[in-house]
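According to Swiss-Prot, the features are:
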type	residues	note
ACT_SITE	E206	active site, acyl-anhydride intermediate
BINDING	D173	Mg(2+) 1 binding site
BINDING	E190	Mg(2+) 2 binding site
BINDING	R208, G223, S226, A249, E264, A265, G272, K284, R297, R298, N299, S300	succinyl-CoA binding site
Amino acid sequence: MTDSAPHSAVAAGLATVTPAGTVLDTWYPEPRLGVPAGARPGTTRLGALEISGELGPDYGGLVRRDESRGVEVIAVRTVIPDLAAAPVDTHDVWLRLHLLSHRLVSPRSISMDGVFGLLTNVAWTSAGPVEAATFNVHRLRAALGHVTVFGVDKFPRMVDYVIPSGVRVADGDRVRLGAHLAEGTTVMHEGFVNYNAGTLGPSMVEGRISAGVVVGPNSDIGGGASIMGTLSGGGKQVVSIGSGCLLGANAGIGISLGDNCVVEAGCYVTAGSRVTLPDGSVVKAAELSGRDGLLFRRNSVSGALEALPRTGTWGELNAQLHAN
């Protein structure tokens, strides 16, 4: 269950580090909120006896040097005393990403300030993470045989670290670690969920949920639909979608939707869009942000973008598709 006001967190995990000390990843199998009294803030390397006590007897064999990848896997304990403060290092960021994907915290409830500057560009391979700057696929294949490179990025696939209960993810490449997928969520092949974003209840995701975006229960993000984030382009609107909403195929929004709203297929509503109301007045879409029960559509005769009170129903989610 998501903690709406988390304060601190602790976890033991396995980190992949280079000879220069660069942290490529840290896997925390069982993160938890709250910090034991007297716990030392930051990340501490665990000794052989501590590994069994904190991670379990099966994890000791995973601590090793891997010459083929040029890395060492070490056991660590990370303590974050204040989740409202910005992350201080790479381990700190990785624990926060795990907290989100384990659904221990909800998107936007903890600080993720400065995460890009603390993460390393990594080649994510079937043999494990490799530093992108020194990656040599020929050397790796010579040592290990066939190796698949899934991508080169600072964020890995969520499914390689966390598989939340009660969800379907048709294509693991489309969901980043740090995504928050509520039980009953289905992410289809063309859906995408960024870190510090996601769903709060059963949802159909066939479009893009950008960083910082939260989608309420029983909402449908249609195929090719786009929800604007704030990572680039100067956007300042923090977008959320309420419960029971439909964002139609190839539609898009740069404003928040309240509950029970519909955006017609192919209709894009940015914060600065001029919207005609039923009384003939025209307002910026930002003035309608977060309101319940609206239908946004493009008038097929005049071409004007309109907002009307909702009537009827869009059909709602198919319960059989979300019994995961």
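Every residue, even glycine, has its Cβ placed from backbone N, Cα and C.
When secondary structure is read from DSSP and collapsed to three states, R208 (succinyl-CoA binding site) falls in the strand class. The secondary structure of E264 (succinyl-CoA binding site), as reduced to three states from DSSP, is coil rather than helix or strand. The Cα atom of the residue listed as 'Mg(2+) 2 binding site' lies nearest to that of R208, taking the binding-site residues R208, E264, G272 as the candidates. For D173 (Mg(2+) 1 binding site), the nearest of the binding-site residues by C-alpha distance turns out to be R208; the candidates were R208, E264, R297. Looking at G272 (succinyl-CoA binding site) and E206 (active site, acyl-anhydride intermediate), their Cα atoms lie 25 Å from each other. Ranking the recorded positions D173, E190, E206 by how many Cβ atoms sit within 10 Å of each one's Cβ puts E206 at the top.
Secondary structure at R297 (succinyl-CoA binding site), taken from DSSP and collapsed to helix, strand or coil, is strand. Cβ neighbour count for N299 (succinyl-CoA binding site): 10 (other Cβ atoms within 10 Å of its Cβ, all protein chains included). DSSP assigns E190 (Mg(2+) 2 binding site) to coil in the three-state reduction, outside any helix or strand. The two recorded residues N299 (succinyl-CoA binding site) and E206 (active site, acyl-anhydride intermediate) have their Cα atoms spaced 25 Å from each other. All protein chains shown were included, and the count of other CB atoms within 10 Å of the CB of S226 (succinyl-CoA binding site) stands at 18.
Once the Cα atoms of R208, G223, S226, A249, E264, A265, G272, K284, R297, R298, N299, S300, the listed binders of succinyl-CoA, are compared pairwise, the greatest separation found is 26 Å. Ranking the binding-site residues R208, E264, G272, R297 by how many other Cβ atoms lie within 10 angstroms of each Cβ puts G272 at the bottom.
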